Amino acid sequence: MAEPESSTAAAGGSRLRNACGGVLCAFTLLLIGVLAFSIRLFSVIKYESVIHEFDPYFNFRVTQFLSKNGIYEFWNWFDDRTWYPLGRVIGGTVYPGLTLTAGTIWWLLNSLNIPLSVETVCVFTAPIFSANASWATYLLTKEAKGTGAGLMAAAILAMVPSYISRSVAGSYDNEAVAIFALIFTFYLYVKTLNTGSLFYATLNALSYFYMVCSWGGYTFIINLIPIHVLLCIVTGRYSSRLYIAYAPLVILGTLLAALVPVVGFNAVMTSEHFASFLVFIILHVVALVYYIKGLLTPRLFKVAMTLVITVGLAVCFAVIAILIALVASSPTKGWSGRSLSLLDPTYASKYIPIIASVSEHQPPTWPSYFMDINVLAFLIPAGIISCFLPLSDASSFVVLYLVTAVYFSGVMVRLMLVLAPAACILSGIALSEAFDVLTRSVKYQLSKLFDDSPAASGDSSAESSSASTVSTNSAKNETRPEKTETAPKEKPSKKNRKKEKEVAESVPVKPKKEKKLLVLPMEASVLGILLLIVLGGFYVVHCVWAAAEAYSAPSIVLTSRSRDGLHVFDDFREAYAWLSHNTDVDDKVASWWDYGYQTTAMANRTVIVDNNTWNNTHIATVGTAMSSPEKAAWEIFNSLDVKYVLVVFGGLVGYPSDDINKFLWMVRIGGGVFPHIKEPDYLRDGNYRVDAQGTPTMLNCLMYKLCYYRFVETDGKGFDRVRGYEIGKKHFKLTHFEEVFTTHHWMVRIYKLKPQKNRVRGKLKKLKSGSKASSTNAAGRKKNPWQ
C-alpha cells in the first residue's frame, strides 16, 4: 500500500508544481507586457502626447478620415490636397492594417463610453502592440527551445532599442503593428510544423494576411518560409507536417493578399512572390515521390521515380520559362526598386536616387549594431550553437531567420528592426541554456555538499548500498527492453541496423557522461551567474537610456541642453500654425518632399509633393526649381500654382538635417529627369561648399537664397554653425520672392511668390522705347528686300 500512496503523492506534487509554474509564467508574461508598454512612454512624459516623425502624420490623417467617414468612404477616398495637380487615390495606395487597427480600437473604446480622441489612440497603438510582440516572441521561442528560453526572449525584446526606435508612444507607423504580425506569423508556422494541425495552418494564413495589410515587408515572410521548406527537403526532413505548414499558407495567403488593394495582382505577378510558387511545386513533387514509395515495391519505385522526376523537371522548366518571360517583359525584371536595392546595394544610388536619398535606406555603421542590439551581438553565437544541440525544424527556422535578417540589416538600416526579434530569440535561448547549466551545477554541488555532511554520515552506508542495488536493478531493467525493442527493428536494412545499434549502445551511457560534463565547480557557477546578471544589468541600463534619451524625442519638437538648461525648439509647429492661420485654404505650398505629410496634416494646405514619393518626375520638378536661379524657379512654381515656398534651415542653431545638407539629393533627382541640371556645376573640386569657394551656380540657386536671405543680419558675419564657416554670398536681394514668415530660431522660413508684373504696362514702355529707337536709326537702315 505504500507504493501506490507514494506514486499518487508524487503525481499530486508534480501537478501542483506544474500549476504553480503556469501561474508564475503567466504573471511573468504580464509583467513583461507592462514593461514593454511603460518603457515606451518617455516621449509622452518628457514632451506631450504628440505624433512623431513624418510618415505617422499621414497615417494619423488617414485614421481621422476613417473614423469620421467610415470604411466605405475610406476605400474610395481621392485626396486632392496632395501631389497637386495630380492628387492621390488613398484607398488603393496605402497599407490599411495600421489604420484599420487603430480605427477599430477607437470604435471599441467609444462604444464602451471611453471618449478618447483619435490622436490619443494613435499615440498609444505602438506601445500596446509592443507588448503583443513580446508575447508572440515568447510563443515562438517556446516552440523552438522551451518555456525558459521563451520568457527570456520576451523580456529582452520588450527592451531592445532597435524595436523601441519604431514603437515609442507617438511613432504611429506601419512597423508598430507589423513586427507583431511578423513574429506571430512565424510562430504559427513553427507551431504547424510541430503539430501538423490544419487549424494552425489556417490561422497562419490569416496572420500572414494581416501582415500583408500592415507593411510592405510581408515579402520577407513569403520568401523566408519557402527557403526554410526547401532547406528541410534538401536535408531529408520532409514530413506531412511540413506540407500542412506550407501548402495552405501559399494558397490561402496568396488569395487573401490579392484582396488588399495596394497589393492586388502583384501577389502573383511580381518576382518577390515567384520563389514561393516554385517551392510549392517542388514540395508537391517530393510529396508525390514519398506517396509512391509507400505503395510500390523497390523495383517499381525506381521506374516510377524516374518518371516522376522527368515529369517534375519538365513542369519546373516550363514554369521557370514562363517566369523568365514575365520577368524579361518588365524593365526592372519584375522587382520593385526597394527589392532590387536589397539584392544589389548599389542599384538605388545608380538608378533611383529618390530611394537612396532616404536616410532609412542607407547601410548601417558598426556602432549602430551595438546601439540597437547592444550585448545581444555577443550572445547570438551561443544561441546558434544551442539551436544545433539538437537541431529541429523550429530551431533551424530560427537560425535561418537570423542569417537572412543579418544580411538585410547590413544593406538597409531600417531593417535592423527585422533583425531585433531574431537577435532577442537567440539571445534568450543562449541565456536560458547558460542559466540552466549554471543553476544545475550549483544545485548539484549543494546537494553533494549536504550529502557529505557529518550529520548524514551515519546513514550513508545503508543509503549507498540500497542506491547501488537499485541502480544495478534499474540498469538491468533499462538494458533489457532496449534489446527487445531493437531486435525487430534490425530487420529492414543495414543502415537502420547500424543506427539502432548506435542508439541502443549510447542510451544507458549518455546520461552519466552528460552529468559529468554539465557539472561545473561551485565557484565557477556562482561567478558565471553573477556575470550574467551584471551583463543583464548593463543591458537594462542601456535600453532605458535609449528609450528615454535617444529615441523618445519627436522630430517635430527638438531639444538641446546647454549651461542655461534645456532649450525647446518648436519651430516646425510654429510654422505650420502660421500657414494654417494666415493663408487661404486653397493655397498651394511647395517644399521638399520630406515635409509634405506634416504640412498637409498640421497646416491643412495643399502640397506639391509628399513622402509617398510615387511620382519621381514631380519630385524632380521641385528639385529642379530649388536648383535653378530665382527667375527660372519662379516660373516653375508659378506653373504649378504655388503661392508659398517652405524651406528648413539650421545654420543659426546648428540643426544638421536642413535643406542645405539635403540639397545635393535635389540636384541628383532633378538632374535624373532634366539633363540641364548637372551635379558638378554645384561642386568645387568635387567638394560641396556654400562659402566663398562655392560655385556661382550654387550661390545663385533658389535654395541658397531662400535659406541665407538676411542671414548676415544675425551676427554680422553670416557664420553657418552646421557647415562651420561663413557663407559666400552675404548681401543680396530677392526679386521674385518675398519673405513672409521666419520662425523664432530661423529653422523654418516661408516665402511668398510675388505676383506677375503688369504685362500691358511693360508692353507700352517697350513700344515707346522701340518707336524712338526705330525713328533715330531709320535713316541709316536699309530696307529688307524680303519683306
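Numbering starts at 1 and runs along the chain as it is shown here.
Positions of Cβ are set from backbone N, Cα and C atoms, glycine also.
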Swiss-Prot Mn(2+) site partner of ASP173, GLU175, selected from ASP55, ASP344, ASP372: ASP55
Would you please say which range out of 147-154, 387-394, 659-666 has the annotation motif 'DK motif' in Swiss-Prot? 659-666
Quickly, which of ASN132, ASN604 does Swiss-Prot have down as N-linked glycosylation site? Just give the residue. ASN604
From Swiss-Prot's topology annotation, check whether ASN266 and ASN174 share a side of the membrane. yes
In Swiss-Prot, which of these is labelled N-linked glycosylation site: ASN477, ASN611? ASN611
Among ASP55, GLU360, the most crowded of the recorded sites [Cβ within 10 Å]: ASP55
So, do the transmembrane segment (240-265) and the transmembrane segment (176-195) meet, by the test of 3 or more Cβ pairs under 8 Å (sequence gap 6 or more)? yes
Do you know which of the recorded sites ARG166, LYS662 has the most other C-beta atoms within 10 angstroms of its C-beta? ARG166
Please figure out which one of 147-164, 395-411, 526-546 racks up the most CB pairs under 8 Å against the transmembrane segment (176-195). 395-411
Measuring Cα to Cα, how far is ARG166 (site 'Important for catalytic activity') from GLU360 (site 'Interacts with target acceptor peptide in protein substrate') in Å? 12
Between LYS662 (site 'Interacts with target acceptor peptide in protein substrate') and ASP55 (site 'Interacts with target acceptor peptide in protein substrate'), how many Å separate their Cα atoms? 18
Treating G and I as helix alongside H, and B as strand alongside E, what does DSSP give for the motif 'SVSE motif' (357-360) in helix, strand and coil? 2 helix, 0 strand, 2 coil
